[in-house]
Ligand code: SRM
Ligand SMILES: Cc1cc2nc3c(=O)[nH]c(=O)nc-3n(C[C@H](O)[C@H](O)[C@H](O)COP(=O)(O)OP(=O)(O)OC[C@H]3O[C@@H](n4cnc5c(N)ncnc54)[C@H](O)[C@@H]3O)c2cc1C
Ligand code: SF4
Ligand code: FES
C-alpha cells in the first residue's frame, strides 16, 4: 500500500474549511491524510454572516462544521495554533508552539486581515477592526461605555459595521475617503440614493474625508481630517479594506505581489509547485478576490487537481457581482456595473420618493445586458445576473426588467428561471448549476428549499440565490407534476393533448383500440376515464357503450353516494321549471323514497336511489320532459341564471332566455373537467357569472363574456374576454373557447387552472379566440357544432336500450338489491347510515 | 389469501360479466366481485367490500394493471388493490380476500 499523501492546510477560515469538504467528497478520505492548522481559537465559521452575531446568532450556528466533523472524517484539526514558518525544501511547516508538521502538498488559506491605515493614533484604545468573532466581542464590550461611533470606510464591509454599531444603540458616523459610498460597486447616482437611505435610517455619512489623526490620550475621543474638520466619537471601527495575509509566504521566499497577495497561476500553485494558495490571500492575475464565492471555486480547483492531477481544472477570472441587504436596503451590482471601457447604452430608473435607483448597461444594439446597479430594490438581481452571465437575449423592452410591474394583463418581467440554460450557475458561492439543482430535486424528491440546501449546498453561502432555489423547486415540481400528468399514466407515453390529436387523426373509437395502438398493458383508473372523455369529446358517442372505462359516476350515469346508492339530477335549464315537472319530481321521489334537496346549481337532487332503480326513475322523469343533468359527468353542469329583464326592474337583457339557450347548446359535451356557466341580467351579477368557467353578464348593448373563473377549492374570478357582444358572437366565442380548452387541457384540469398555466395569459387567449391568431377558429367552431348536432340524452338511450338497462343491477346472479344498504331517518327524510 | 378451495361455487354464465370490468355475485351472505381481463383471458375474484370504508363497491371499480400487476380501484376513494394478493397497492394496511376462479362450460366458478 502506498502512503497517503500528506495535505496540510494553513488557515481554517471559510475557504480552508471548504477545501477540506471538497477534497473529502472527491475521495472520501483514505488517499490523503489531511491536517488543518488554524490560528483562531475555534473551527471555521461563516464570516459572511458575521454581523448576525450582533442580532443573537450563536457561534455554534455560525460554525461551518463542529470539531467533531473533522474528527469523524479523519482530519487532524489544530486550532489556536499559528503557523510561523514554512520550509519548502524540507517540506514542513512550524507553528508558534514549535510543532513541526510535514507535508507533501501545502495549501495556504490564510485569508486576509483588515487593512489598518498608518494614521497617527491608530493604536489607541477604542479603535477596532471588524473581521473575527473576537473583534465583535471586543466591539460589543467597549460599546457599553460609548455613545458615538465612527466607521472608517464606506464600502461594503464598512456599511455592515455601521449597521452593527447602530444596532448597538450608538450614534453612527461613516467616514469615506472617496466622493461616494461603495465606490467599487456603485456609480454616483446609485451611491447618492444609498446615502439618502442610510441617512434616513440615522447614519451620518461624511464623504471626501481623509482621516489624518486619531485624537485622544490612551483612548480615542475623535477623528481629525485632512481638510481641517474633526468629529468627536468614543470608538472607531476601521473597515478601510483588506490586506492579504502573505507574511508566511514572504518568509519562505514565495512570490508575492507588489501590493500584497500570494501570486498563483491558473492551477493556484504558488511559485513553489507543491504549495497552493486559495481564498483571500491569493493573488490571481493581479486580482485579490474579497468574496467567498471565488474562494470556494479556488478550493474546488485545488481539490480537483490534487485528486485528478494538475491542469484538469483551472481557475478563471471570477464574477464579482454582489447583492446584499444593507440595513434593510437592497444593494446590488452585477456584470460590468460601470462599463467604463465597453460601448453601451444605459437604462436608468430613478424614484427618489421610494429611494429606488436602477441602472442597466445594455449593448448598443439593445440585445444583451452587460451589467448594472440596483439600489433600494433588487428583486430581479438573480435574473439580471443570469441574463448577463448566460448572454440571454433581452426582451424587446428591456426597461420592463427594472420598471415596477405594470398593472394589467400580467406581462411578466423576464421569463423567469425557466429560461435559464442548465449550465447557468444559480448558487455562485458554491458554484452550483441549475441543472445540478433540478436533478437533485428530481432524484431525491426534495420537498423544500431547506432540503435543497442540505443536499446540494446551494444557498448555504451568501443566501442570495435562495429565492431562485424556490423558483426552481416550483418549476421542477411543476414539471414533475406535468411529467406525471404530461404522460397520461404508465400506460401511455403521451400527454392528453397528444393523445387527443392521435385519437382524432387515427379514427380510433374504443379504448381497446386506443391502448392497443398507442399504449401498453391493460390500462388503469387514470387513463381509462381520460381516454373515455377524449373519445366523448371527439365522437360524442353514447358513453354507456363503453361503460367499464368510465369513472364510476359516468358508468352508472349518477353520482355514487356514501353507502353505495346514487343521486338523480335532472337538467333544469336556466332554473326554469314547469309545475308538472315539479309534481313529477315529487311523485318519483315519494315512490322511490328519495331524499330531496335543492342544489346550489338551481336544480333538484334526488338522493338514495339503488343502482337497479335508476332506469325506472329516469323513465318516469323522461316522460315529463326531463333530461340528464350530467351532474355525474365531466361536462356542462348548470347555466345558472338570474331572473333578468323579464321580471327584474334592473335587468337589461333576457338572462333566463339566453341561459336556456346556452345550456341547451352545450349540454352533454364532455370536457377535461366539469363546466359551469351563468348568465346575469345586469351588472349586479345575481347569477355569479364571474365565478364560472364561462360567465355572461348583460350590458345595455349586449353581453360581456368572462372566462376561466372557478368557485370550489380555489376560487378565482373569471376574466373579461370580450364586451358588448350580440347573441351570436357571444356563442361563437364560447364555441371556440370551449373547444380550445377541451383540446389542450390536462385531464381533470378546470378552465381556471388551465388558464393559469397558459403562457401569454389573457392576451394570448384573446388572440386565439377573437383574432384567430392560430388560424384554428373555423375548425374549433366546426368541431363544437358537431358535438351540438350529435347531442343525445344519454339517459333516454340507456332506458331504451335493453342491454344497457340490464347492467343496472347489484348482483349478476340473483335479482336482489344490495342487502347491506342501511338508512336512518333525518328531519322527515332518509339518509345513509354513517360509515 | 386462500390456497385450497373447498367448494367451487358456480356463479353465473360468462356473458353475465362485462368484458374488462367487474360485476358482483351473491354467495350465501357473501358478496364477491368478479373481474374479467379480456385481452389476457384472465379472471379474478375478490371480496366486494372495500375495507377502507366498508363499501360494497369493488365490483364497480375500474380494473387495470400497475407495472403488469392486475389491480382494481375502489370507486369511492380510488384505493387500489392487487387482484393477485389482495394487498393494498398504496402500501396502506387494508387488504381484501382473493378467490380462485375457473371457467367451465361457459360458466364462471369461484373457489371458496
Ligand atoms: C349537489 C351539489 C351540492 C348541493 O347540494 O347543492 C354538489 C354536490 C357535489 N359536488 Fe359540487 N355540488 C354542487 C354545486 C357545486 C358548486 C356551486 C355551483 O356550481 O354553483 C361548486 C363551486 C363552483 C365550481 O365548481 O366552480 C361545487 C364544487 C365542487 C367541486 C370543486 C370543484 C373545483 O373546481 O374546485 C367538486 C369536486 C370536483 O369536481 O372534483 C364537487 C363535487 C361534487 C360531488 C359530485 C362529489 C362527488 O363526486 O360525489 C357532489 C356529489 C353530488 C351528488 O351526489 O349528487 N363540487 N359544487 C351541487 C350540485 C349543483 C348542480 O345542480 O349540479
Ligand atoms: C463582516 C464581513 C462581511 C462579509 N460579507 C461578505 C459577503 O456578503 N459576501 C462575500 O462573498 N464575502 C463577504 N465577506 C468576505 C468573506 O468573509 C471572505 O471572502 C472569506 O471569509 C474569505 O475566506 P478565507 O478562508 O480566504 O479567509 P478567512 O475566512 O479570513 O480565513 C483565514 C483564516 O486563516 C487564519 N490564518 C491566517 N494566517 C494563519 C497562520 N499563519 N496560521 C494559522 N492560521 C492562520 C486566520 O486566522 C483565519 O481564520 C465578508 C467579510 C467580513 C469580515
Ligand atoms: S361541498 Fe363537499 S360535501 Fe358538499 S356536496 Fe360538495 S363535495 Fe360533497
Ligand atoms: S371505500 Fe373504497 S376506497 Fe374508500
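Glycine is no exception: its Cβ is also placed from the backbone N, Cα and C atoms.
TrEMBL annotations: computationally assigned, not manually curated.
The following features are taken from TrEMBL:
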BINDING   A:642, A:648, A:682, A:686  [4Fe-4S] cluster binding site
BINDING   A:686  siroheme binding site
DOMAIN    A:6-286  domain 'FAD/NAD(P)-binding'
DOMAIN    A:321-391  domain 'NADH-rubredoxin oxidoreductase C-terminal'
DOMAIN    A:426-475  domain 'BFD-like [2Fe-2S]-binding'
DOMAIN    A:561-624  domain 'Nitrite/Sulfite reductase ferredoxin-like'
DOMAIN    A:633-769  domain 'Nitrite/sulphite reductase 4Fe-4S'
Top stretch among A:321-391, A:426-475, A:633-769 for CB pairs under 8 A with the domain 'FAD/NAD(P)-binding' (A:6-286)?
A:321-391
Cβ atoms near residue A:648 ([4Fe-4S] cluster binding site) (within 10 Å, other residues, all chains)
16
For [4Fe-4S] cluster, residues beyond A:642, A:648, A:682, A:686 with C-beta within 8 angstroms of the site's Cβ centre include exactly A:643, A:644, A:650, A:651, A:655, A:680, A:681, A:684, A:685, A:687
Check the domain 'NADH-rubredoxin oxidoreductase C-terminal' (A:321-391) for me and report the mean pLDDT.
87
List the residues of the same chain that sit at least 6 positions away from residue A:642 ([4Fe-4S] cluster binding site) in sequence and have their Cβ under 8 Å from its Cβ, in sequence order, or write 'none'.
A:648, A:651, A:655, A:656, A:679, A:680, A:681, A:686, A:687
Which residues, sitting 6 or more apart from residue A:682 ([4Fe-4S] cluster binding site) on the same chain, put a CB under 8 Å from its CB?
A:648, A:650, A:651, A:652, A:653, A:697, A:698
Could you count the residues of the domain 'Nitrite/sulphite reductase 4Fe-4S' (A:633-769) that DSSP puts in helix, in strand and in coil?
52 helix, 35 strand, 50 coil
Return the count of C-beta atoms lying within 10 angstroms of the C-beta of residue A:686 ([4Fe-4S] cluster binding site), excluding that atom itself.
18
